[in-house]
Amino acid sequence: MSVYLLRRLIQAALVMLAMSVIVFVGVYAIGDPVEILISPDADQFERARAIAALGLDKPLYEQYFSFLGNALRGDLGRSFVFNEPALQLIGQRAPATLELAFGATILAILVGLPLGLYAGLRPNGAGAKAIMAGSILGFSLPTFWVGLMLIMVFAVQLGWLPSTGRGETAEFLGMRWSFLTWDGLRHMAMPALNLALFKISLVIRLTRAGVRETMLMDYVKFARAKGLSPQRVIGVHVFKNILIPVVTVVGLELGSTIAFSVVTESVFAWPGMGKLIIDSINVLDRPVIVAYLMSIVLMFIIINLVVDLLYSVLDPRVRLESKG
Amino acid sequence: MSATTAGAAPAAKAPRVETPFRRFVSEFFESKIATGALVVLVAIVLVAIFAPLISPQNPYDLAQLDIMDGRLEPGSRNGDDTMTYWLGTDDQGRDMLSGIMYGLRISLIVGAGSAIAAAVVGASLGMLAAYAGGRTDTIIMRLVDLQLSFPTILSALMILAFLGKGIMNVVIALIVVEWAYYARTVRGTALVERRREYIEAAQCLALPTRRIIFRHLLPNCMPPLIVVGTIQIARAIALEATLSFLGLGVPITEPSLGLLIANGYEYMLSGKYWISFYPGIALLITIVSINLVGDHLRDVLNPRLKK
């Protein structure tokens, strides 16, 4: 297990290093922030001073090494626009995105699992067919358009929910969170649902496929033959076994949920990291772009690692294989 | 030359004989939903192709737009009482119906173009990986794994952050995002196919490798490639719309469906729903019909699902 863990950690570090090169070269070698950040009226002397202040005059590899060294110390440069440390900016916006992503994940499980279970147990019923048709829609509908439609129906026509912003926040662990206040929850409802739609469909499909597969297994037949109640057979024997793929996928999807929240945040003007990155791309605020991409990549690597480890806990076969 | 005639012979022999292609066609049309989706899709493509001929207005020709007609409701007449805005107008007085027809063109060109380019890149690399094996295979597949472990939107954002906005950069982003799907699919099929007798026979004939890959291996890897390609076109269209909506895609002068929807966003809050609603419906119908056709193609082309 520890060898396995070590190997995975080294792998993760290598991927991180590779991504840092890609991101750095991509962002710093292409595009010219001097044009954007320095006023065109500035004379040559002012220009040169500004370039030196931003560290843009050094050769690329030197910029990279100072970037890497600073990154390891948690310093990813200062935002050209906000003149604040980029990582701090990301950190300020992170709670909004994280609570949105977790809200969406919880919603996906709460809605997706029961629907998938139902569709899997009665695969030929009208209800199951409706659920599956709905899940196809959930995959096909572009997120941003669904978001707009949600706003149109629930905010403009019915006036039930607020359309934009985070609402009232409360402080917890030194950060501002929306899910702790009623007003915040109301603001969160639509974005979270919007972000969850794709994953609800995914969970439905996975659960249904899992249920249909496990119902035919010998151990389910045996449990039934023993005279266990259907609730127990489904709740324990079937449920435990379908949870493995669902946990893996939902876990892995957490990262992509955070990435895709870019779209939802833009629709609902949710002040998270996603909105920040779009704004930063628009003004070529490179330190913020780099900081965002690096934090997301790091998060991805960590999520992959955790899911792998969780997997080995849930599924004894993986554990045994890695030992051997 | 002889190989080509031999390959084409069964199809040309007699018109009524059941060929694989004819069986495929008849199986495809067995499904009413897929047939309907295909009809809708063909109609959409025709509308996009012939947009300049059938649209009531040229939405890119600013001389034809009347700012006084801005944000009119669906069904309104224009100021000169010469035409009806069936789907309303946007903030610049552009007829939404015409805007949607032209927007479809851009969405379809970007979607299909990037999907085809990605298919060429991905299929070549996948084929190479399967045929060469060894280290080449490992390197290519590691790249595929890396690419697929990141969500599409993140890769696309990264590339647009590097390259800046613009339609060509969106196409590049879509190709980078999509090639891995093709590479993985083709490699999987090619690995199975290359152990078949006909490849062995071709190798025994000492045919050049390039010929074996492109004339023997590739045609037999086509079915899964077509399925993936269809689904990827839908995904590409959706992703392009998303990027354009975020303001990172096509320029404002020639809006795709995504940008049309984005333009209507601010007016939606004041109840002027049609500027965003109808382009969204067009986008939705396009994506769903492509997905339905693709789904059914997979069922028909997958030998494992044969009864």
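Placement of Cβ uses the backbone N, Cα and C atoms for every residue, glycine included.
Keep in mind that TrEMBL annotations are predicted by a computer and have not been checked by a curator.
Taken from TrEMBL, the feature transmembrane segment covers A:12-31 (among others). Residues of the same chain lying 6 or more positions beyond the ends of the transmembrane segment (A:12-31) and with a Cβ under 8 Å from any Cβ of it are 60, 63-64, 67-68, 71, 284, 286, 289-290, 293-294, 297-298, 301-302, 304-305.
Residues annotated as domain 'ABC transmembrane type-1' in TrEMBL: A:94-311.
Here TrEMBL flags A:100-121 (among others) as transmembrane segment. Same-chain residues lying 6 or more positions outside the transmembrane segment (A:100-121) and placing a CB less than 8 Å from one of its CB atoms are 127-128, 131-132, 179, 188, 191-193, 195-196, 199-212, 215, 234, 246, 250, 253-254, 257-258, 261, 264-265, 270, 272.
As annotated by TrEMBL, transmembrane segment applies to A:133-156 (among others).
Feature annotation from TrEMBL assigns transmembrane segment to A:188-207 (among others).
Annotation comment: TrEMBL describes A:242-269 (among others) as transmembrane segment.
Residues or ranges marked as transmembrane segment in TrEMBL: A:289-314 (among others). For the transmembrane segment (A:289-314), the list of distant contacts is 1, 4-5, 8-9, 12, 15-16, 19-20, 23-24, 27-28, 67, 71, 76-77, 86-87, 89-90, 94, 243-244, 247-248, 251-252, 254-255, 258-259, 273, 276-277, 280-281, 322: same-chain residues at least six beyond its ends, Cβ to Cβ under 8 Å.
Sequence-remote contacts of a segment are chain residues at least 6 beyond its ends whose Cβ falls under 8 Å from one of its Cβ atoms, and for the transmembrane segment (A:242-269) they are 96-98, 100-102, 104-105, 108-109, 113, 143-144, 147-148, 151, 163-165, 190-191, 194-195, 198-199, 202-203, 206-207, 210-211, 214, 275, 277-278, 296, 299-300, 303-304, 306-307, 310-311, 314-315.
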